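The following features are taken from TrEMBL:
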type	residues	note
TRANSMEM	18-37	transmembrane segment
DOMAIN	60-263	domain 'TLC'
TRANSMEM	69-86	transmembrane segment
TRANSMEM	106-131	transmembrane segment
TRANSMEM	138-154	transmembrane segment
TRANSMEM	193-219	transmembrane segment
TRANSMEM	231-252	transmembrane segment
Amino acid sequence: MATMTAYKYQAQALMRDYLLADLLVPYTSVLFGIVLCKAYDFTRILSSFYFKGYTLLTKIQRIEWNNRGMSSAHAIFITAVSLYIVTSTDLFSDCVKGPITFRNSIISTSALGVSVGYFITDLEMIFWLYPSLGGMEYVLHHTLSLVAIAYTMLSGEGQFYTYMVLISETTTPEINLRWFLDTAGLKKSSAYLVNGILMFVAWLVARIFLFMYVFYHIYLHYSQIMQMHAFGYYLTFVVPSVLFVMNTMWFMKILKGVMKTLAKWS
């Protein structure tokens with residue numbers, strides 16, 4: 001009991017003296033993330049040069065085309081950072097003493113800020129053009145993600161679980177490529193089939209199996225999670241659970257789509 005109390009005081013001191021004392025890091029990274037959403041314009045410029053059919057798209061199709069380019073750029077960035085921090089650093093290693101729920105670094109906090117900037121920008125576009133870029137399921141997904149990432153960025157709590165969930169962004173480029181190929185009239189191409197299979201495998205691993213591991217990890221470290229602030233405590237359970245239900249529902253649609261496509265090819 002004394003050891004757990006000591007960890008709690010240590011975590012509080014860490015946030016007070018290092019994280020909350022300097023909000024320049026998270027706020028600057030959020031602004032940087034918003035600026036990086038200029039990938040929207042970069043997609044527009046590249047597409048107008050290399051895809052002849054881009055100018056033939058409707059206005060809303062071009063907006064969604066550029067938006068998906070932006071989301072793919074964010075997904076590649078945050079997936080790479082998440083995998084690096086979780087697997088290639090000692091930040092969340094079992095060899096490090098102290099609760100895993102309170103570990104953070106300048107790099108981990110900054111990367112989360114970039115992601116917050118993206119979700120703010122993308123959610124704004126979804127609301128502005130609603131429902132052209134997505135219905136209520138997208139609003140729910142982005143809102144939960146934004147709240148959870150912003151909280152863990154500012155508090156320093158639960159960054160391990162946040163990064164584990166963000167690894168699921170590895171499926172976003174495949175989802176967007178599927179839409180790009182469909183919009184470009186390449187739905188019957190071999191590229192569309194291969195991408196569909198890759199999307200299925202990636203979704204199964206990153207959004208189903210990985211989430212099961214997260215729940216198992218939460219169960220094993222429940223005593224540490226109990227030390228978190230009440231809001232962070234509930235976020236740790238609510239956000240992954242809701243996202244897992246949504247992921248499962250979308251996975252069933254993907255599975256039906258893959259089976260339908262394979263039936264046509266056979």
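Heads up, the Cβ atoms here are built off N, Cα and C, so glycines get one too.
All TrEMBL annotations are machine predictions without curation.
Beyond the ends of the transmembrane segment (231-252), by six or more residues, the same chain brings 137, 140-141, 144-145, 147-148, 151-152, 155, 157-158, 161, 165, 168, 203-204, 207-208, 211, 214-215, 218, 225 to within a C-beta distance below 8 angstroms of the stretch.
Beyond its flanks by at least six residues, the transmembrane segment (193-219) meets 161, 164-165, 167-168, 170-171, 174-175, 177-178, 181, 225, 236-237, 240, 243-244, 247-248, 250-251, 254-255, 257-258, 261-262, 265 of its own chain at Cβ-Cβ distances under 8 Å. Summarised as a single figure, the pLDDT of the domain 'TLC' (60-263) averages 95.
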